[in-house]
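Below is one structure; the comments refer to it alone.
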Amino acid sequence: MNWMKCLFVREYQLANRVGGGALIGVLFFLAVVTIFPFGVGPDMILLSRIGAAILWIGALLATLLGLDRLFQADREDGSLELLVMSGRSLELVVLIKCAAHWAATGLPLVLATPVLSLFVGLDFQSIVLVTLTLLVGAPALTLVGAVGAGVTVSMRRGGVLLSILVIPLAIPILIFGVSAATAGAIDSNNFLVPFLFLCALTLFGLVVGPLAAAAALRVSGD
Amino acid sequence: MDFSEFGRHAEYVIAAYAMAALVIGILIVWVRMDKTQLEKEMQALEASGIRRRSSRRPGPSVSQVVSSSADDKSES
Amino acid sequence: MNQLKLVCQGVACDRGGRRVLNHVDFEVGSSEALIVQGPNGVGKSSLLRVIAGLVAKAHGSLELEGGMAERSVAEHSHYFGHLDALKPLQTVLENLSFWRNFFEPADFGDGKVRESMSEMEALETLGIEHTASLPAGYLSAGQRRRLSVARLLVVPRPIWLLDEPTSALDKASEEVLLGLIADHINAGGVVIAATHLPLNLPNTKFLNLSPVTTESEHMFAGEDLDDYFDEDEQDEG
Amino acid sequence: MTLYDLANPTRFLKLVKVLLPWLIVATVAALAVGLYFAFFVAPEDYQQGQTVRIMFVHVPAAQLALMCYAMMALSSIGSLVWKHPLADVSAKASAPIGAAFTFLALFSGAIWGKPMWGTFWVWDARLTSFLVLFIMYLGIIALWKAIEDPIKAAKVNAIITLVGVINVVIIKFSVEWWNTLHQPPSIIRSGGPAIHSSILIPLGLMALAFVLLFVTLHLMSMRNEIMRRRIRAMRMRAASVAPAASSNTVTKAAPAGAR
């Protein structure tokens, strides 16, 4: 079996077997979306106006939730050392781990988005747009998160610091994601520009994320 | 200078300059205090007999020897 | 048959801001074992980790003569450290086949990759084949250790870096492991082991490490800086 | 090799020692002249009145906030490419200074905003970018504090700083784009009135004073950092020297270094 596929399958299985897997992220997503109406009031018109933002912020927080374990678990049991010296490109290893992490936690969030959209009163077109932007943007969140995870890998309680480091990196993604989702619902001409920027950020993350995370992991070798 | 002639919004100007003075003051005091503290720590370490001149100590700098060969497994 | 030769010259390394190795020189070739000795904290593990490419060296060179040109020393090596690299939720077989499929094999300097054991053969050799379908979390410490050794058997790589290889193993398993290491040496492999205990291996060299007195230049503790700080004192005191 | 010689720590410390008194004098002088011009020479703006004087703090502070980040980024390249310890020290020393000036830029910006726009905070592209920059500074400071080993901390911080450089550019761009989307650009588009030379001179003087202040603080802070590492080395020596003798008797290994 091809080593990439092999790594992907293993990471996917582990992500699903550890601590509730995909379900826990979706539950957290649901919890975040649920508390918003309690905060801003049950005004469906207001909620539908900020619905896309709520869903995006919920997805961002749910993505950050499990990221601190992305490399830390491997570091603790010694697997990381072997990944580093395996002869495989560490950048590719990081990329595949991110892909598996996204498939196990990010994709369920995207799939849950249409259902949660109903709670915030989005119409059909908005639901499609939010789901589409999250589908394109969530990998970028995982990729910039991987940089934070690589940098904080040697910290016992690095989760909070990871969030502080990653949130500034996630701001552009959030801006273009929410803009595409909300602007597109009003006028489809306004959709394409932010959406293409979002795509560009994801592609950019595909390069920078693995490079920076792999460099951080090499540094943290001892 | 005469602040009464400052006109409207004088409090904003004063607040901005006061904060600037405060932040810069804190920075300077922090750097100075840090220095004093570090010097104290260094002196304490020296007083407790930790020598600075590491490399002037006598002793070999080469740290290892390849000793025995094929059949000889006893230590050198 | 081509011979491998690992040449280490003037290697120094820093850990935790401290120089733990300085001026380490040795050569070890195919069919040889190098036993790294020295008191606790002298840098035995660090030396192995430098060779394994896990810790960057501060100075010196580390080269493998006769190895695959495009591959680093680490990519010719197996590292067997204190951690077992096992995922408790995966079965023994899943754990082992992952490493077998994932690791890139390396040749022994003769240009062709050797046949290695299959997963089950390796488990049988180490006497833990009955655990194959159990999650690795159910294994005892000794069994985990043996499963970790199995990794070295299923992927052919010429250099074995062993850090206290016999820890947590009983007498019988230790004998098995020593036999496997000896086989590896006889088959043209290179073994570098850090240990407190005497290991009965063929063709052995010894490397004695002693404590390092030099400081890492990253910590600004050198002699020339002393002059600066002394001047400072004279001025102010 | 030559670069290494130029950045030799002893030479650096000697240079700092010579330069510091001059720098302090120059900073104080530039600040005094700058403040005099700012308060007594620069005219009131016909639109903004006295509040235009806030600019003489705000603009130099903002400029320095970015300069500090540039310093950190350059030092990070030095850390990663040449692995030079002085680069590590420079990066670490820049972070708190940068954070302080970013805070100052934010605060003076907010104070300036109140009389101008009637509110302390607007999600204006510039203020927002600086808020993000401030969070990034604090994150980097926290990261320095979280990793005990200074060499590793330097490398990890260098990576996140360089990723941050790219991010600052993207944020600047995206926030500006986002800003035009949400607010009519006319309100706060321009950075104030067209700059007249009577304002340019005090602004230049204050900018110079702030740069001198930064250089002074940075050098002082770097010297502290060198001393901190030195103390750490001495402590480690204190910890390792004493027990080394006793551990030899415990192990069965051959006497180290014996031939």
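From the backbone N, Cα and C atoms, a Cβ is placed for every residue, glycine too.
Cβ atoms under 8 Å from those of the transmembrane segment (A:21-40) belong to residues 15, 46-47, 50, 54-55, 57-59, 61-63, 65-66, 104-105, 107-109, 112, 116, 119-120 of the same chain, restricted to positions at least 6 beyond its ends. According to TrEMBL, the feature transmembrane segment maps to A:21-40 (among others).
Here TrEMBL flags A:46-71 (among others) as transmembrane segment. Sequence-remote contacts of a segment are chain residues at least 6 beyond its ends whose Cβ falls under 8 Å from one of its Cβ atoms, and for the transmembrane segment (A:46-71) they are 15, 18, 24-26, 28-29, 32-33, 36-37, 40, 80, 97-98, 101, 105-106, 109-110, 113, 116-117, 120-123, 126, 129-130, 133-134, 137-138, 141-142, 145-146, 148-150, 152-153, 158-159, 162-163, 166-167, 170, 174, 177-178, 181-182, 185, 213, 217.
For the transmembrane segment (A:92-120), the list of distant contacts is 4, 7-8, 11-12, 15-16, 21-23, 25-26, 29-30, 33-34, 36-37, 47-48, 50-51, 54-55, 58-59, 62-63, 66-67, 70-71, 83, 86, 126-127, 130-131, 134-135, 138-139, 141-143, 146, 150, 206, 209-210, 213-214, 217: same-chain residues at least six beyond its ends, Cβ to Cβ under 8 Å. Among the features that TrEMBL reports, transmembrane segment is placed at A:92-120 (among others).
Residues or ranges marked as transmembrane segment in TrEMBL: A:126-153 (among others).
If one looks beyond the transmembrane segment (A:160-186) by at least 6 residues along the same chain, the residues whose Cβ comes under 8 Å of a Cβ in the stretch are 49, 52-53, 56-57, 60, 64, 67-68, 123, 125-126, 129-130, 133-134, 136-137, 140-141, 144-145, 147-149, 151-152, 194-195, 197-198, 201-202, 205. Here TrEMBL flags A:160-186 (among others) as transmembrane segment.
As annotated by TrEMBL, transmembrane segment applies to A:192-217 (among others). Listed by sequence, the residues of this chain that lie at least six past the ends of the transmembrane segment (A:192-217) yet keep a Cβ under 8 A from its Cβ atoms are 71, 80, 84, 90-95, 98, 132-133, 136-137, 139-140, 143-144, 146-147, 149-151, 153, 172-173, 175-177, 179-180, 183-184.
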Worksheet entry | Contacting positions for the transmembrane segment (A:126-153) when only residues 6+ beyond its ends and CB under 8 Å are counted | 48, 51-52, 55-56, 59-60, 63-64, 67-68, 70-72, 75, 80, 94, 97-99, 101-102, 106-107, 109-110, 113-114, 117-118, 159, 161-163, 165-166, 169-170, 173, 176-178, 180-182, 184-185, 191, 195, 198-199, 201-202, 204-206, 208-210, 212-217, 220
